[in-house]
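So the structure is just underneath, and the comments pick up after that.
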Amino acid sequence: MEDEDKTAECQHSKPPTGITHEAPPHHELQEERVMSLRGTDRSEPTEGSNLLTSGEKKPQDSPTEPNGLQSLRRFLACPPRGCLARVITNGTMVVLLWAMVWSVTGPECLPGGNLFGIIILFYCSITGGKLFGLIKFPTLPPLPPLLGMLLAGFLLRNIPVINDSVRIQHKWSSSLRSIALSVILVRAGLGLDSKALRKLKGVCVRLAMGPCIVEACASAILSHFLMGLPWQWGFILGFVVGAVSPAVVVPSMLLLQEGGYGVGKGIPTLLMAAGSFDDILAITGFNTCLGVAFSTGSTVFNIFRGILEVVIGVAAGSFLGFFIQYFPSRDQDNLVWKRAFLVLGFAVLAVFSSVYFSFPGSGGLCTLVMAFLAGMRWTDKKSEVEKVIAVTWDVFQPLLFGLIGAEVSIVSLRAETVGLCVATLSIAVLIRILTTFLMVCFAGFNIKEKIFISFAWLPKATVQAAIGSVALDTARSHGEKQLEDYGMDVLTVAFLAILITAPIGSLLIGLLGPRVLQKSEHRTEEEVQGETSAHIQRKPEDSITEA
């Protein structure tokens, strides 16, 4: 019986036929791979990972130091890092730049010298712009840094102790401002879009031309009767203050566009597109009136001379523009740098040579036309050239606004002159706001949006700084005291226009934008893709038909 029971147990313990407990070798390898993948991808603990994690000591067990002590240790680290390292680096660069120039020029780079004044003005303007850029208010766009640059130059000129050491000759100041004007005109010409020019209709054309022309005429009339300027100088003043500032409008519009305000009706796009054409119209009108004001002879001759300057500027700009389109050729090395150098070089040459040949109004037009025609063919590399020009502008912007501020002296200003300038500017700005409101009527905007566009078309800065001193420099080259007084009045109004309208316009845009503009709903890409996939699942035949 025991043998039979053992036989039965052995039969029960044997597996059924065709089934074995031993897995083949390749099956064991697959199991090992699966276990290794689980240990890595699914982060399941294994013996090896447990040993590794147990052997690592995390620094969380150590006592933490206060945040202030940690910041102090980082600040006093050796070698220095962070903020202290930046301060040391920038300070070394400033001292090194001065030392290099001093080693070449000698006394010119010592206090009271011309180059010393330029270097101090440059760094003070940069510092002022940085400080103003740090002033930020919630729900408001940042203050434009150009205000800090303008005030830095103004303070350097009007603080007695500093003014004795920081002196810049008029010739150097005029030349640097003219170079900055060339850079601005190149940026304006390259920024024009030929397709947008063809599509500009209706409200965009009215917004670009109407307020500028009306404000220029109003300023000319007011300055003639209130300030006693001749009609030619009145229109010079009018076109100086008639331009809107992209340096203030564009950053503010980008902030509103990111928040979705006014995007449904394209208000930010409209203002940014029309702003460029508004500036070009003001610069063109200024150059034409400048040529008429400094020409001699009869009125009919002066009118024909102004027309001749326009023709010369357009013709020279067309020739240079077509030349730069093909030279350098596309197969050359460093194509972007060569194009940027040629367009900047020809721009500076056009601005300076036009004054030399007594056609001051043709240089700006030549630069605008040249840059526009060159950019039409640079479609593939145009943005890269614009980046190089933008870097050049970053260098000359502090010089331009600092030099404009340094031209205004409190001692030479009379209270009645400032009062008349403020009155002329204020009335002209009110007329501009009303004109802008009328120009956007019958364009599909409600009353709140019309009010917003009217106030957004207020700030003035870049163009006023660029051309505000050109008339004064031209008058100084003629050596007539009366013309210099007229030029100083124009510069004073330009200075006050920047100082008053730039911060007020920026604040009004930031305050009114979120309150009066309709906010478009922002949908993420996942939501859009989800809606698209759901639509395809519901109507697959429609999507096939559309494809």
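Cβ atoms here come from the backbone N, Cα and C positions, even for glycine.
Now, the feature entries from Swiss-Prot:
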type	residues	note
TOPO_DOM	1-86	topological domain 'Cytoplasmic'
REGION	1-68	region 'Disordered'
MOD_RES	Ser49	phosphoserine
TRANSMEM	87-104	transmembrane segment
TOPO_DOM	105-113	topological domain 'Extracellular'
TRANSMEM	114-133	transmembrane segment
TOPO_DOM	134-144	topological domain 'Cytoplasmic'
TRANSMEM	145-161	transmembrane segment
TOPO_DOM	162-171	topological domain 'Extracellular'
TRANSMEM	172-189	transmembrane segment
TOPO_DOM	190-200	topological domain 'Cytoplasmic'
TRANSMEM	201-227	transmembrane segment
TOPO_DOM	228-233	topological domain 'Extracellular'
TRANSMEM	234-242	transmembrane segment
TOPO_DOM	243-270	topological domain 'Cytoplasmic'
BINDING	Val244, Gly275, Asp278, Asp279	Na(+) binding site
TRANSMEM	271-290	transmembrane segment
TOPO_DOM	291-300	topological domain 'Extracellular'
TRANSMEM	301-324	transmembrane segment
TOPO_DOM	325-339	topological domain 'Cytoplasmic'
TOPO_DOM	358-361	topological domain 'Extracellular'
TRANSMEM	362-373	transmembrane segment
TOPO_DOM	374-390	topological domain 'Cytoplasmic'
TRANSMEM	391-411	transmembrane segment
TOPO_DOM	412-417	topological domain 'Extracellular'
TRANSMEM	418-440	transmembrane segment
TOPO_DOM	441-461	topological domain 'Cytoplasmic'
TRANSMEM	462-473	transmembrane segment
TOPO_DOM	474-486	topological domain 'Extracellular'
TOPO_DOM	510-547	topological domain 'Cytoplasmic'
REGION	522-547	region 'Disordered'
Problem - seg_contact(the transmembrane segment (145-161), the transmembrane segment (391-411)) with at least 3 CB pairs under 8 angstroms, min sep 6 - result: yes
Completion exercise
Using a 10 Å radius on the Cβ of Asp279 (Na(+) binding site), the other Cβ atoms enclosed count 25
Exercise for the section: Could you check if the transmembrane segment (201-227) is in contact with the transmembrane segment (234-242), meaning 3+ Cβ pairs under 8 Å among residue pairs at least 6 apart in sequence? Expected result: yes
Exercise for the section: Report yes or no: does the transmembrane segment (271-290) come within contact of the transmembrane segment (172-189), defined as 3 or more CB pairs under 8 Å with a sequence separation of 6 or more? Expected result: yes
Fill in the blank from the handout: Helix, strand and coil residue totals from DSSP for the topological domain 'Extracellular' (162-171) stand at 6 helix, 0 strand, 4 coil
Exercise for the section: Tell me, please, if the transmembrane segment (391-411) and the transmembrane segment (114-133) are in contact, taking contact as 3+ Cβ pairs under 8 Å between residues separated by 6 or more positions? Expected result: yes
Fill in the blank from the handout: Long-range Cβ contacts under 8 Å made by the topological domain 'Extracellular' (412-417), restricted to residues 6 or more beyond its ends, are 227, 488-489, 492
Practice task
Find, among the binding-site residues listed as Val244, Gly275, Asp278, the one whose Cβ has the highest number of other Cβ atoms within 10 Å in the structure shown.
Solution key: Val244
Exercise for the section: Provide the three-state DSSP residue tally for the topological domain 'Cytoplasmic' (325-339): helix first, then strand, then coil. Expected result: 7 helix, 0 strand, 8 coil
Exercise for the section: Could you tell me what the rest of the chain brings near the transmembrane segment (172-189), counting residues at least six beyond its ends with Cβ under 8 Å? Expected result: 114, 118, 276, 279-280, 283, 343-344, 347-348, 350-352, 355, 364, 367-372, 374-375, 386, 389-390, 392-393, 396-397, 399-400, 403-404, 406-407, 462-463, 466-467, 469-470, 473, 476
